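I have placed the structure first, in the form of structure tokens, so that the comments after it can refer back to it.
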């Protein structure tokens, strides 16, 4: 299995010539803009999804997508992964266990237009999975610890290099139970950032029950569903949740905290 270097200081963005207007005057300048490119995910030689993503950490993205979308149930079902930049985009090829591949073919997903959001690309509402199984997480109920949330909120900005440079990226951070940020991934799509993090957890052999996810975005349905499917016990977000995200989190036993700041947060499930 090949893995790209995890050096992202100047990747994921490009510099463009712009005209900057301020206080009635104009001047030529340069601006850094986040990159967005089509990424095709290919399973056992068959293209399954094409999504728009920041071209960073794509092998983590593919593994996380496979797990969070239920294509594979565990890391051991992924045998090999390779990635290349081709035809103006990127292609990530995964070799997965045959039973998982046969089940994937039966799901009748669209071969193009997927966004990674868990809804786009399905063929009917009947195929939409809104009934998650309870997560196999900690034995007791999980709730958001105020000190841990405050620490995560304080530490996250230092891990948002792409956002600071471009103003155009979401971050998904893995935090220890004490709230310390252990790793963070950025992408123009919040669901992509989370999939990259989920892929990293799987490839590093991390236990999802040993920490929580802290995100710079709102809490949407697909984020709650991805956390539920991969056994993450707590999702904390800076912005608001949707009603469906709250419902999914409650059904799955995922603790959900939003409007997370250093000074407080709102707990929607526990």
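Here the Cβ of each residue, glycine as well, is placed from N, Cα and C on the backbone.
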Ranges 1-30, 31-60: which does Swiss-Prot label region 'Disordered'?
1-30
Treating G and I as helix alongside H, and B as strand alongside E, what does DSSP give for the compositional bias 'Basic and acidic residues' (20-30) in helix, strand and coil?
0 helix, 9 strand, 2 coil
